[in-house]
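The structure appears right after this line, and notes come after that.
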């Protein structure tokens, strides 16, 4: 079976001919040197050109990143080496390195060295710490030296490829080569070392259209993959995947298996000749340079081959080497969230295939390794081979002794105790299979679930899943697609009933087999169930869990991580990254158990679990209860005063809210509680809350609405004392305390307003106020001050002033005449009264008003809200006079029925 290798193009950068490419080790950058003399830096994540260096007018055949110095080093046909700072774009250094075209640059991984090769047949070593002095010259080739590469397993050794048809291996410090490899019939263009520890191999490509694999210890050619139709211009071992990548002037890039040397894939992007290739350890990205530009492709899946059993034993594959680590061995080591765990790694041996996935069975006794179209089942303890076979895919059942394989796109086989139990062909083929309580088979038509026992169709769903995750109980299942995930409930009782009665069974299976609980628009990368809580990592690098329709974020991850498992006794969740680093995050099992019990409405169990939840986690649980609609329980559980106060308000719990407000001493809380108290008609509590909140406006509203005169009086004094002058003024005004209103305006410097108030209500004070106003205004504008007229000096400008004095006296003497509220219907409204007329009939001897014989209150000046009077009745003579002067047209007849004959007359 072929190697399963996903290939995705990430970047296409059109440009002039590309002579070399390089990838930055930490930034998402690709460096491309061009035949036109420019060097470009592309961001392959944003697909944008981020930097350009105009090097010279001649081809730049070599360019490399020196990340630890923030440099780009270039070599061109003008024989110059140039060093640029890629942050500032400044040229740091420039020197002539060779007497002919510079073909290649190699950067030493640890020392301050670069190696350069040239058409002058020389290789030179340069030390940038010694002002770029030439430390050594390597002579021996008799033609152009096309490429040099440093041995990743021995940094003092490097190899060179030349058009003299040879490959030479050199040692730093020695000017002559260690040995020479010969075998190509034409010039050798490219060379690379195998970075794995298991094989001492070199690869070379030449103008004879051949690729050769060399054992540099035995100095022999071990393989010659054939297939290119033109000169082979580049060749490399991928540092992570078991593949060889070669590029040719025939326009194709060929991918070969590095163990079997089988051709796995051929890429042709139609960009003419291929000139260069670059890959990077720790990344699946590969950069390719063509005549018409450059391309970055992503090969394979970045998810590591890694698995953890329920006891904390982790197995992973590093290339073909299988290693193990045990979380128990950490003992009582303090673990911090998100920090790499200091695990002791144990080598378990080598795997016969290149592992692409590793997965424990449910009880952890066995582990399956899949790759190269094959699977091998090992014992988890000693890595002993238990079973093997060919398969495109493998899936464990919930029963640890049972599993399924997808033999082809049409055949699925089920095994029990390592023996084939059943083979069947799904109706619409099998593109992928999924394990768990039911066997899931994806086809072009959707997803079908089958019974493991008899392969009977349970339900067909029109959905294209990427992953399927079953809970331990088998009641819940998560189906993750490209854009979202669904939470379904498996109704096993209804399935059993339908299988017995054959009711509700259609061609798509049992209709009531599943109940959809929710759909969430988020992409699941990896996931697992703990009880009824689904924990997952998302496409935006968040670690979340879903329970009861609520998504809780556990952590924001700084890189892509993959879930390994959850250890309840540790209360920790474990994840790994593609570099095989293990990290952990705290997640209390008691919290998950409580939430699971609530979701199942098992409140007796929830009450038993609650005491085991630490206090610092209670508020998280309370938020969950609130979202589930159990606010009363949330109020009991929560330990956060803010949250409890909000819940108390929502539930109308005045006592609890009052206690929390006293503890918090927050004006905002007192205002919120006052609103609730008013809505509950608890006016005394509302008054206290408003006092605590110093909400004078609210107190005024409450006092006036309830008709509490003493409260208005106290409020006026308190508001004035605290500088709340508007409220104080209104409180005095509502009580009819005009003198206090006037003095308040004067004290606060509101003299114009005081003058108008005096003119309207207290004419006896107007002269004093105008004098004060004039004195104050003269400090700013003398002319304006002189233009102010005192009403007592210019009575002609203020008509009715004398009458106003009389009214004022009348008001003062009758102001104390207040009437009971029950007489309100008998009182004439202020807008219908004529105070001047009432004051004319006023006699000082009647200052103390008496009840009139008809029971109506005597006349009194109702200028303020606290003053009342009755409607004034006209005398008989006044009515006679009114009738004499009335015209017929003045009579309103809208509500009177008149005889039409009379109207006609």
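Using the three backbone atoms N, Cα and C, a Cβ is placed for every residue, glycine included.
Note that the coordinates shown come from a computational prediction; the quantities given were computed from them, not determined experimentally.
Residue ranges 842-866, 867-891 are listed, and Swiss-Prot annotates 867-891 among them as coiled coil.
With a cut-off of 8 Å between Cβ atoms, the residues of this chain six or more beyond the repeat 'WD 6' (227-266) that come close are 2-3, 5, 7, 152, 186, 189-196, 201, 203-207, 209-211, 213, 272-284, 286, 288, 290, 299-300, 319-320, 354, 372. Residues 101, 103-104, 106, 108-111, 113, 115-119, 121-123, 125, 186-193, 195, 197, 202, 204, 206-207, 214, 216, 219, 239 of the same chain, all 6+ positions outside the repeat 'WD 4' (140-180), place their C-beta atoms under 8 angstroms from a C-beta of that stretch.
Residues 58-65, 67, 72, 74, 76, 84, 86, 89, 104, 275-280, 282-283, 285, 287-296 of the same chain, all 6+ positions outside the repeat 'WD 1' (13-52), place their C-beta atoms under 8 angstroms from a C-beta of that stretch. According to DSSP, the secondary structure content of the repeat 'WD 4' (140-180) in residues is 0 helix, 20 strand, 21 coil.
Outside the repeat 'WD 8' (390-425) by six or more residues, the chain places 1, 4, 357, 359, 361-363, 365-366, 368, 370, 373-375, 377, 431-437, 439-441, 450, 452, 454-455, 470, 474 with a CB less than 8 A from a CB of the stretch. Mean pLDDT, taken over the repeat 'WD 7' (350-388), works out to 89 on the 0 to 100 scale. Under DSSP, the residues of the repeat 'WD 9' (746-783) split into helix, strand and coil as follows: 31 helix, 0 strand, 7 coil.
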